[in-house]
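Asker: One structure coming up, written as structure tokens, with questions to follow.
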Amino acid sequence: MIIKSTVYLTLIYLIFLKVSYGYLGCPDNLVPCRNKTHCIEIKEVCVVYDDCVDDSGDEICLHLSQNITDSILCVTHIEPQVSYERISPLEICDGHQACFLNEDEGPCNKTLCRYDYWLCKKGSCIENVRVCDGHKDCPDGSDEEEGIGCHYSVCGPNKILCPTGQCIDEVKMCDGIQHCLDGFDEKNCTHTTSTIAPILEVDDSCPEFTCSTSSTFNHPICLSNDRICDGYKDCPKGDDEHNCHEKCTSKSNCPINSDITCIQHPAVGQLCRCVKRGYQLTVPLGPSRSEGLLKPIKKKKKPKKKKGYQLTTRTPQNNTLRCRDYDECNDSRRSYCSFKCINIDGSFKCTCPSNFMLGSRSKTCLRRYDSSKPNLLIVFDKTINFYNMLTPADQYASQLLNTINIEENHRFDYIQYDQKQMFVIYYDQIQHAILCKSNHDLETIVLLTNLTVNTFAYNANENILFIIENQSETLRMYTPIVCDVSINIQMHSWSFNNIANSIHSMAIDVLNRELIFASNYQIMISNMSEPNVTKIVHMSDRKIKKMIYDAAFRRFFWTAANNNSNELFPVFTCNGQFKQCHDTSIRLPSASLFAFFNDGLLYISPTRKSLDFIQVYGEYRFFGHSIASTHDQIRSFVFIDYQQIEGSDLCRKYSKNRCKNQLCLQINSTRINCLSTYGSFISTKATTNMLASIDVED
């Protein structure tokens, strides 16, 4: 009753303000817009006029297309004066109240859905991609009705229309085989296998467009004609967007429309393209965005029967090709942003995680760096060098900060760096030991021995080491990891029967409290509450060689087995939800030595004896830089990620009281688990007879 009375009094107060003073100085039902020089109706804000400002003079329409009507204009606060704002679709039903009277969150799953979701007739919301996918996801089945624009009547009974224009049998949906050219029939299926359509290598089966090679990309790439002159760079040298201005001189197959132009391309013939950048030709088979359906608009696939022939004559009756805004953020074949993508009219915007900034020219996410701290470690035969990678004015350079010597016969098969204690931790496969080397006293310390390690991951914030131990087929946790002698390191283990020997890559998501594993054909995730209970999130049809994970971006990269003989390894990527996975078209000379940095990949170039960088996202996609050139062969390197050490360490605060004589593992932001100790190890200084000198207590 108190809540209802408060809302009622608030409404009375708002009406009083509006009648007495208007909104921010405008009379009646009007609000100020056009840089506060005009008073317009509230429904026209950011729809009819897009140069509106708030009470601070800041523009509020930059993130919205003029024709998006799924936003909400609402009062955000009433003191010291009534202030309004148009709430982006991305902020609706996101769990955070932005409107003063809760218009953005109150009706959710009733009459309102979050961005990229679709409202069923009788309430509840489903993802847009599940509308007209052949499966009834709404409780009332309204997502598969012909009245909303589902394609069944176009292809006939018991058939599905692919976004690329093909008709396939309904029984072929989710059968594990890709029938639609864009893989539409195998998306959002209940099975976990997801096929990534690779960038085709040139062979006899590539009759369309071939990208030119470069010194960095000496592997030819084959593109379908629908990716030529589409406004987006797919070739490393950008030649898919060259020769796109010559008008057709002969009779055109393109529709007669002022929004559509015919391009006479010297390599592929006639191309029908939209005049406006960011728009693409499509057959409108369902409601438009203004009618409530936010289903991604796909490009029309061209027939391969005749070179240069762009538009099929088998268009659905009463539907004509027209130019529509293309949703780059839902492109299944490429990612335009490394983190989050926001579609706007004729283009898109990229956003970055916290503590990152968007480069003014490169349009890539750049880390905020401290030039006094090393962020790159390179292992040579006799030394370990520490560098700071600088990015002034979107360019790259490196500055050597420190060098430490390496003892002979030491191997660095797996290596990581503790940013807080400043030491290198590594596994020596010959000595079957995990060792560390401090930057301060330069001594080598033996932490653990008698281990056969497949892979390991180290959490510097909590001094915890996870390893996959091959002989015992276990996942093990060791803590505390301190690079000093006489440290009592305790161990807990979980059985990893049947999968331990196949796991070759592991990462820790400190922020989300997850472990990520990669085996030969699977990527798996487990929660800290049950680290040995894994969930398969991706299955690959090509053997995975090495997987890396960036927790800040929630993005996966991995190299795969090479099907050709050119000794280059393809790089694939997926976002955290595994809904957008694609071949980056980048090929690396080493399958295991690479890292993600500033929207690009660091990798070793063995022929040039250098550490190089290739841009994966942004305006300078495919551009390369040399980070560090040396006279010696690089054995390994580590990108030092200071983002990973952020977060609260609950075990440091509460383990002494709650986990006496046990190990502590934080499982989320509020809870810890107390684990039994299965063994302890005493660290010792490395000597010639190091294997005999370490003490082990079972």
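Quick reminder: no glycine exception, Cβ is built from N, Cα and C everywhere.
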Asker: Quick one: TrEMBL says Cys162 makes a disulfide with which of Cys138, Cys150, Cys174, Cys180?
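Answerer: TrEMBL says the disulfide from Cys162 goes to Cys180.
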Asker: Of the residues Cys211, Cys222, Cys244, which one does TrEMBL pair with Cys229 through a disulfide?
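Answerer: Candidates were Cys211, Cys222, Cys244; TrEMBL matches Cys229 with Cys244.
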Asker: For Cys113, which disulfide partner does TrEMBL record out of Cys108, Cys120, Cys125?
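Answerer: Checking TrEMBL, the candidate bonded to Cys113 through a disulfide is Cys125.
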Asker: What is the disulfide partner of Cys138 among Cys108, Cys120, Cys155, Cys167, as given in TrEMBL?
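Answerer: Checking TrEMBL: disulfide partner of Cys138 resolves to Cys120.
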Asker: Need this for a regression test: disulfide-bonded residues Cys113, Cys120, Cys138, Cys167, filtered to those with Cα within 10 Å of Cys180 (disulfide bond). What's left?
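Answerer: Of everything listed, what lies within 10 Å of Cys180 (disulfide bond) (Cα to Cα) is Cys167.
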Asker: What are the non-local neighbours of Cys120 (disulfide bond), defined as same-chain residues 6+ apart in sequence with CB under 8 A from its CB?
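Answerer: Same-chain residues close to Cys120 (disulfide bond) (Cβ under 8 Å, separated by 6 or more) are Ile126, Cys138, Pro139, Asp140, Ser142, Asp143.
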Asker: Could you tell me the C-alpha distance between Cys229 (disulfide bond) and Cys113 (disulfide bond) in angstrom, no decimals?
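Answerer: Taking the Cα atoms only, Cys229 (disulfide bond) lies 36 Å from Cys113 (disulfide bond).
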Asker: Under DSSP, the domain 'EGF-like calcium-binding' (325-366) has how many residues in helix, strand and coil?
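Answerer: Looking at the domain 'EGF-like calcium-binding' (325-366) with DSSP, the answer is 3 helix, 16 strand, 23 coil.
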Asker: Just the number: how many Å between the Cα atoms of Cys174 (disulfide bond) and Cys162 (disulfide bond)?
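Answerer: Here the two Cα atoms lie 13 Å apart.
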